[in-house]
Amino acid sequence: MEDERSRSLLQLMVTEGLVPSQEEEEKREIVISKLKNIVMAWAKRVAWQRRLPKQDIAASSATILTYGSYGLGVYNSESDIDALCVGPYFATMAEDFFIVLYNMLKSRQEVSEIHCVKDAKVPLMRFKFDGISVDLPYAQLKVLSVPENVDIFNPFFLRDIDETGWKSLSGVRANKRICQLVPNLEMFQAMLRCVKLWAKRRGVYGNLNGFLGGVHLAILAAFVCQCDPNASLSSLISNFFKTYAFWTWPTPVVLQDGMLQPTVNPIKTPLSMPIQLPCSPYEYCHSNITKSTFYKIRAEFLRGHNLTKDLWKSDFDWHNIFEPFPYTKKYTRFAKIFVSACQQDELGDWVGWIKSRFRCLLFKLEEVQGLCDPNPAEYIDMDVAEPNVVFYWGLQPGKTNNIDIESVREDFWRNISNGYQGPFGRIELSIVQASQLPKYAQNDTLTRKGTKACWKIIDYNQQRIPVYSRHLPHYVVGYVSTNGDPEYPSAGC
């Protein structure tokens, strides 16, 4: 019966499109291979621009390391590729990564929609390569030659690395350590695919909305795998919900690692759900969890446990665990967040910025309303001419209907106005009844692909000026857009 339950779950994963085809796997492998060749050529070009000795130019190299869902082996046909460019000591981020490599990538016919995300915590380039979305941050090591499979745990490569490089490397380091620490990698990957589907369907996935991100779920799943190394897939899923339904938060979740000395007194943290990064005994995963989202995550853990505590019941059905969260049945009122921009190219930038500040809005709504459930699904109002994205957040039943939404809007507007570099769009907040929701927001499918935060896509009609190498007079390393002001160029954006 246990084997049968596991087989039926594996079949559900295939039916839901969670397992990529051989063709999709090969396509991504080709993209990674091409990117490696490009950054290798880039390192040698920059070495030549720096007028390094011939033997150093020949020895110089850079590489690509993958992380995220692709690095963990749990991606599907819709997944992006998170790839880290690791370069040598002489290749800077400002000039060589964001100008030289940017221009090399832009000139490739396989590359489209390339733009720079410079103001994020981890600066990166975002583009499509053969139709597959790629996020490419940068880490600069203090070496001349970066091996293809560089050991990112080796102190030799990590010496004197700057804070930005360290942040860029943290995702790769966490991924690799998780894969090393789980007792059965294939079982862990199958389990994580299921857990991610559950989190997305039940509306508890997405760090920007105050829920669990990919790295949080990976560590939670890996911990359960460590606790029962020989368990079947069905038992692992059952154990996952049982473990976290009764977890005594804020006790941190810490993977067992024989290489690290156990922390006798875990560091104090304000996080309500602390989850420790496996590559550092002193650092927790970044989290935006609030009072409201903490409550919902725990409720969903408990629901999952109630549905999986008896796998042997004759009427057991995995589909019940992955049933979409019934927002319109659960809530009678919603906070409607309407975000729009004048141009389609500006919308992703504007929406991305607002989503990065959602935690502040959630705090304000909790202050005036009590609990709030920020549905991560994003919709488009087709009746509005300008490009837009709409969110509907469930509000706690039984509270007063007299929310001063205008004060909430003013408070949030002050927050998002501070530090934004792009053209401002429009944002409207209002309270709507469940009966007023448009049809597209009533199906609770939670399968819509999210709008990624992105910075303004280059306008090729803008004036662009050449950037000359500081090391080779008259040699153009690339071009930058002036954004209408030749005094303040924005490299590659």
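Quick reminder: no glycine exception, Cβ is built from N, Cα and C everywhere.
Feature list (source: TrEMBL):
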BINDING   Asp80, Ile81, Asp82, Asp135, Lys196, Tyr205, Gly214, Val215  ATP binding site
BINDING   Asp80, Asp82  Mg(2+) 1 binding site
BINDING   Asp80, Asp82, Asp135  Mg(2+) 2 binding site
DOMAIN    3-182  domain 'Poly(A) polymerase nucleotidyltransferase'
DOMAIN    188-323  domain 'Poly(A) polymerase central'
Within 10 Å of each Cβ, count the other Cβ atoms, then let me know which of the binding-site residues Asp80, Asp82, Asp135 comes out lowest. Asp80
With helix taken as DSSP H, G or I, strand as E or B and everything else coil, how many residues of the domain 'Poly(A) polymerase central' (188-323) land in each class? 65 helix, 6 strand, 65 coil
Around Val215 (ATP binding site), which residues of its chain at least 6 apart sit with Cβ under 8 Å of its Cβ? Gly171, Ala174, Leu277, Cys285
For the recorded Mg(2+) 2 site, enumerate neighbouring residues of the same chain (Cβ within 8 Å of the Cβ centroid of Asp80, Asp82, Asp135, site residues themselves excluded), in sequence order. Gly68, Tyr70, Ile81, Ala83, Arg126, Ser133, Val134, Leu136
Other C-beta atoms within 10 angstroms of the C-beta of Lys196 (ATP binding site) total 20
